[in-house]
């Protein structure tokens, strides 16, 4: 297999091909079956390989063909991956005899024979027809990242119990069980048909072989699941769920409060506040504004907050980007908080260009000199206008190569960007104006009184502000858009299949010790050899 030697991609493609059993050649010859290229310009390709017309059996395909061939573990038709204009050019430079030229064989027979040959060559196992179409089980099982998981899917009744059990085990602190049910739910979301019998989903990868299937069987048979009903009514679950709904309280703290202190409700925390020794300042605000912070944030409210932050950000620095991410970017109508990415200036103003970062082997965080205190200044503006109830600025150290490698070993979803975790006053109406003199006392009693005041024109809302350097922007947008399970699959695939490390900072080549730059999400998917997936299809 001959590769086009482009500086950025040649080594990556060749290493990937050789690791997956392909033999690579340095020059064109009769042995070369495919010439894999990232070029789109046929004339440029012919200039690079003037002898190409002499090898009529060599197929010139994009690098996407190679990745698809490995993912599907079967033959893949080259016709879908030929570079533009190649077929017409090949016909001109190497005219061949056709069935039309062969006595006794008609054009119709020619078409039929070719069609039969292709069907035999590219056959994969296919499900029995469902509602008039065939479902390719092998492709579905072998290509989880080619599945489309949208919010408007075909199996809401079956997904609901699996999603609840995933959330249940996450609340109870068992992330492995939670992941198993989340994966099963995502599998059903991705199906292009409504499941009516278990035979339709037998052997589907992602459903497991035990617990999840039992839940689905019972739901199909009876319309409900006894396990879901029992767990939803569990006193411990309801208590832990209530306690983890407090901003700043995680599973371990909730479990300790429940078992050691017999704390079951938020009101118990308020009553016992003096002797609980809860030192995290966030918990005090989480208790006081519990009702607000557990009310879903509508898209309208999120966009209103984005507008408020935009107005103040423009006073801090001109020309900054401000992106609303998370579930809203994937098409959700509500969420539990608002994530906003901030980017100001060019690559040079961020303190490092793509090339300098790549050569130095360093992935800079938002807390470096490039930010010049953008988030800190924005926070001061928001405080000055009376919009902030509580805020914590997190400035992690720069992420050097050693830390990046260590982080990559566990395919972490965390990142090292500078962040500001806020509780912000979200206006209930567009014409609401904050009062800078409205200085709420910070003792628990005063905060609780404020939280219970139904006459205020705002709602306490969690807002995460994240500063991103320009050269890392596409990776940050991808990482902060989610979903959590989709990103887990994407990062596992990059690591185990391609030998790359994908985080919200960039795509790292372990073999070459460098970052692969990208100017858009589309380019990231191209680096990974995957079809670009719109955010609305990432609701795994």
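These residue numbers are counts, starting from 1, taken along the chain as shown.
Keep in mind that glycine also has a Cβ here, set from the backbone N, Cα and C atoms.
All TrEMBL annotations are machine predictions without curation.
Taken from TrEMBL, the feature domain 'BRCT' applies to 1-83.
Marked as active site, nucleophile by TrEMBL: 214. Over all protein chains present, the Cβ of residue 214 (active site, nucleophile) has 12 other Cβ atoms lying within 10 Å.
Taken from TrEMBL, the feature Mg(2+) binding site applies to 337, 339, 464.
Broken down by DSSP into helix, strand and coil, the domain 'BRCT' (1-83) contains 33 helix, 12 strand, 38 coil. Within the same chain, residues at least six positions away from residue 337 (Mg(2+) binding site) with a Cβ under 8 Å of its Cβ are 297, 326, 461, 462, 463, 464. Proximity of residue 339 (Mg(2+) binding site) to non-local residues of its own chain (separation of 6 or more, Cβ distance below 8 Å) is seen for 324, 325, 326, 463, 464, 466, 480, given in sequence order.
Neighbour density for residue 464 (Mg(2+) binding site): within 10 A of its CB lie 17 other CB atoms from the protein chains shown.
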